[in-house]
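TrEMBL annotations:
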- 34-93: coiled coil (COILED)
- 225-287: domain 'T-SNARE coiled-coil homology' (DOMAIN)
- 398-432: repeat 'PPR' (REPEAT)
- 499-529: repeat 'PPR' (REPEAT)
- 530-564: repeat 'PPR' (REPEAT)
- 631-665: repeat 'PPR' (REPEAT)
- 296-320: transmembrane segment (TRANSMEM)
Amino acid sequence: MNVSTFNSNIDTGGILKTIAKMNDLMTKSFLSYVELKKQARKDLEDDLDIEEGNLNPTDDRNLSQFFQEVELIKVEMEEITNLLFDLQQLNEETKCTHSAKVLRGLRDRMESDMVAVLRKARTIKAMLEVLDQSNITNRSLSESYKEGSPVDRTRMSITNGLRVKLRDMMNEFQSLRDNILSDHKEDLKRRYYTATGEVPTEEIMEKMVSGSLKVEVLAGKTDADLSTQVRHEAVMDIQRSLNKLHQVFLDMVILVETQGENVDSIEDNVANAGNFIHGGTNSLYYANQMKKNRKWVYWVLAVGLIILLVCIVAMIVRFLRPLTVAMLLLPPNAEQTMALLGRCSSMKELMQIHGQLLKKGTIENQLTVSRLLASFARIELGNLVHTRMVFDRISSPNTVMWNAMIRAYSNSNDPEAALLLYHQMLHHSAPHNSYTFPFLLKACSAISAFEETQQIQAHIIKRGFGLEVYATNSLLRVYAISGNLQSAHVLFHQLPTRDIVSWNTMIDGYIKFGNVGMAYKIFQAMPVKNVISWTTMIIGFVRAGIHKEALSLLQKMLVAGIKPDSVTLSCSLSACAGLGALEQGEWIHTYIERKEIKIDPVLGCVLTDMYVKCGEMEKALLVFSKLEKKCVCVWTAIIGGFAIHGKGREALDWFTQMQKAGIKPNSITFTAILTACSHAGLTKEGMSLFKSMSNVYNIKPSMEHYGCMVDLMGRAGLLKEAREFIESMPVKPNAAIWGALLNACQLHKYLELGKEIGNILIELDPEHSGRYIHLASIYAAAGEWNQVVRVRSQIKYRGLLNHPGCSSITLNGVVHEFFAGVGSHPHIQEI
C-alpha cells in the first residue's frame, strides 16, 4: 500500500475502498438468488462493518483519539522531511563553494539541522511506542475491539503505514550520507593524483577517508592553500555528524522493522480473495448452464458448494491476519520475520518462530537474529537461560547483539552477569558503541561495583567515547547515585560538553545525600533549566524542611515561563502543608484546575494532606470525593486529618469505609488510626487494631506503632501496662518510646517513675537539650531543687542549645513566623 494513503481521509483510504469493492462484487454476483440476497442484507444490518464506512458512535469515539495521535506523528514526520530537503540543499551548496568561511557556515547549519532531526526521530520513536501500547490496551476494552476486529485492523494498518514512512526517511538519510562520502572520496582521489602522479589504492583511500592519513601530508606535497585544508576538515566534520545520525537510525531499526510492511500484504490478500470470488462466479455460471441438462439435485449441490466457498473467503478476509497468510504460503523473509517477532507476546510463540527460522535456514540474517535476541530478553523477564543459549550459538555476534544481551542482564536479577559478558566481549575484540556502556554502568550501580565503574570509565576514554554525552552522563549518574560525589564532581568539571542531563544529575546527587547548598549553587550556575531542574531543586528544599525557599523557587519558575508538572505541584503543596500556608495551597489548587491538570492519586493525596494540615477538613473531603481513583494514601490522609483534629470516632468510621471499599491499609494508615485512638482515648479500639496489624494484615509493627501504643496507654493512665509493654517489645526501644512514657508520667504525676525514665532518656540521647529540661521539670514538681540545678548545669556544661518553639500564620499570602521569647516582629505591639 502506498504510504501516502495516510495523508488522505482515513475512512476513504485505499484499503477500505478495495474491501468495499470486494463486498460489492460479492453482492452483484448473486443478485439472481433472492433468498441469499435477503440474508446478506439482514447480516449487513446486524453487523455494520468499519470497512464500509459504517461506524457506530462507540467506534467513532474509540478511533477519534487514535486519529489525533496519528496526526501528531505525521506533523513530526513532515518536519523531518523538510529538514532532509534543507540538508540536501546545503550539501549541494558545499560542492559549489571554495571559501573556508562559507563552508564553515554551511557545516554549522547542517549540524544544526541534524540535531533537530535526531530530536524529531527520537520523538517519533517514543510516539510510535505509545501508539503500539495504546493498540494493545484497546483490545482489552471491549470484545468488539479484540485482535482481528475491524477497529483493530484499522488501527494496526495505520500504525504500520507510519512505520513504513519512517523507514523510507531513514533510507533517504542513508542515501544522503552515501552521496557526501562518494563526493569526498572523488575529491581526495584527485588531490592525491595531483600530489603524487599516481592513482591511490583502495587501502590509501580508506586511510584518507578515516583520517589516519592526514590531509596535511598531501598539502605539503602540493602546496595546497589554507582554504583547501579547511574544506577537508569541514567535510570530515559533516561526515562524522552524519555517521552519528546513521547510528541513531540503526539503533531505531528494531522499532521501525518491528511490524514491517504488513500493510502492503493486505491488498495482495484482497486480490487473492477477489480471485476466489471470481472463480465462484464462474462456477455459478457453470451451474446455471448445467441446470438445463442436469437434475435439480446436482444443481442444489453446486449452489451449496459455491455458498460454502464464499463463506470461507469472507472468513479469511475478515479474520485471517495478512502476515499469517504470508507465512503459511511462502517462506518468511526478513521483513515478515521481524513483524512476527514484534507481535509475539509469549515464550511459546517465540519458540515457534525460532524453530521455523532454524528449519527454513534463515537464522543467519544479522538483523533477524538481533531482533530475536531482543525478543527473548524482553519476554523472559529475568529468566535468561534460553536467551543466553541463543546468543552462544551465534558464530560472530555484532555490536547490537552484545548490547542486547548486556542490557538484558543489567535489567535482570543477576546484573553481575552483564559485567562477565562484557569481559567476554573484550576477549573477542567485539566493537563497541556509545550504547554499550550505559547498561554496564547500570549493572555496576546495582551491585555497588565502584572499581568496575572506574575501569569502565577508562574504557570509555580509551575507546574514544569520552566525548559522547550519552556515555558520560551514564557514568556521572552512577557516581552520583552511589554517593561518590567527589568523583562525580571531578568528572562533571572534566566534561567537554555538559547538557542539561549532566547538570540535573549533579543536582539530584547532592540533594539525595543532603547537600542542598551545593545543589543550589549548581542550579544557579545552570545556563539553561528545564522543568526537571526546577522540580529537583524544589524537592531538595522540601526534604530539607526549607519550605519557604521551595515556594519562592516555584514563583521564580513561573516567572521564568516554565510550566510546572504534577510532580512540581505535589512538592509545592507539601511545602504549603509544612508551613501551614493555606492561601498558597489554594492558589496552587486553582492553578491545577485552571490549567486542567489531571489530578492523579499522588497529586490528590498531597492536595488532601495540605488541606488537612491547614485545618480545612471540609475542603479535604471535597477533594477526596472528586478523585476518580482513591488509593490507600488518600484514605490515610483523611484518617490522619481526623486524628490531628481529635476526632477519633470519625477516623474509625473512615477506616471501616476504607476496608469496605477493598483498600488494604498499610503501615502509615495504622500509624494514623492508632494516633486517632490515642488522642480520643479509645484505648480498647486501639489495642484491637494493633493486634490486627500482624494477625490480619501481616504488617510487622515498626517503632512508630510501638510509640503510638505507649502514648495510648499513657494517656489512659495505664503506666504500669505501658512499662510492661515496652519491656516486652521485640526490638530495643528508642528515645521516642521512652519519651512518650515520660510525658504520661508528668501528666499523671507519676514522679518516681518519671525520674527513672528521664535518666534513661539522658543516657540514650545525651545531646538532646529537651531531655534535660523535661527531667528538670519533673524534679521541680517533686520539690527537689538541688536536682533541678544539677540537671540544668549539665545543659550548660555540654553546651546544648534550647531551640525555641515556633508557630506561623498566613496573612494576605505572606507567612509570618513567631518564635517563643522573640519580640522582633514589626507588628508585635499590635499583636
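Every residue, even glycine, has its Cβ placed from backbone N, Cα and C.
Unlike curated entries, TrEMBL annotations are predicted automatically.
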Give the residue counts of the repeat 'PPR' (530-564) per reduced DSSP state, in the order helix, strand, coil. 26 helix, 0 strand, 9 coil
Taking DSSP helix as H, G and I and strand as E and B, the repeat 'PPR' (398-432) has 24 helix, 0 strand, 11 coil
Can you give me the average pLDDT across the domain 'T-SNARE coiled-coil homology' (225-287), rounded to a whole number? 52
Just to be sure I understand, if DSSP states are collapsed into helix, strand and coil, how many residues of the repeat 'PPR' (499-529) fall in each? 23 helix, 0 strand, 8 coil
For the repeat 'PPR' (631-665), give the DSSP counts of helix residues, strand residues and coil residues. 26 helix, 0 strand, 9 coil
